[in-house]
Ligand code: PEP
């Protein structure tokens, strides 16, 4: 049985003060009746602050990106070993905003994925199609190619204990959500792809849905058999909304 994971992606938001308040609000509202593990992916600069705030908490710390390099002349970058020093348990890779705004290729995403694995950090591999690709009917091909880039580079075993987040680009930050059936269809196709390599990995990999998930639509999405949680952007910035999504799990 796969554990549900609700992960917040704070993106480029927050201040020291607002983050402390947000975490206090989430921590105060979490309770044992919630059937989900919870993580927050903080901007790099706030990782140490969040690490301290989450000491003795059940909430896991995550980051939003990682360097494809281990060390050296890469100004502005942060390596997987640096994240590991600050107890990061999760890190997003290949978020569509990184792919589109920073022109990250599938190959680069695969390298970042491996950097995280090598440091014992769980990569959350973000995949998803643009609206144009959905309209062309190539959604499953696009997602398959994004996942195969990791498998081809590092083998299926790299996906052991990793997380995949299916995030249709047209649903991220737009208020437009995939219907539960649309999301389930893609999630099931991801599971079939994994199964063609390794049955156990297919059965155990958590596949999250991301794209305007909110308290109103979370229950229906999370009720689908192959949706194992959510990657939450906008709604993770308000404790009440984030908690309502955790409650829906
Ligand atoms: C995201 O950034 O991963 C995301 C899903 O954002 P939002 O929930 O705001 O659509």
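Backbone N, Cα and C atoms are what each Cβ position is placed from, and that goes for glycine too.
Just so you know, TrEMBL annotations never went through curation; they're auto-generated.
Just so you know, the Cβ of residue 11 (substrate binding site) picks up 18 other Cβ atoms within 10 Å once every protein chain is counted. Taken from TrEMBL, the feature substrate binding site applies to 9, 10, 11, 173, 212, 233, 234.
For 95, the entry in TrEMBL reads active site, electrophile. Within 10 Å of the C-beta of residue 95 (active site, electrophile) there are 28 other C-beta atoms, taking all protein chains into account.
DSSP assigns residue 167 (active site, proton acceptor) to coil in the three-state reduction, outside any helix or strand. Under the heading active site, proton acceptor, TrEMBL lists 167.
Listed in chain order, the residues near the substrate site other than 9, 10, 11, 173, 212, 233, 234 are 172, 232, 235, 236, 237, each with its Cβ within 8 Å of the site Cβ centroid. The binding-site residues near ligand 1, defined by a Cβ under 6 Å from one of its atoms, are 173, 233, chosen from 10, 173, 233. Ranking the binding-site residues 173, 233, 234 by other CB atoms within 10 A of the CB puts 173 at the bottom. In the three-state DSSP scheme, residue 233 (substrate binding site) falls into the coil class. Among the residues 9, 10, 11, 173, 212, 233, 234 said to bind substrate, no two Cα atoms are farther apart than 14 Å.
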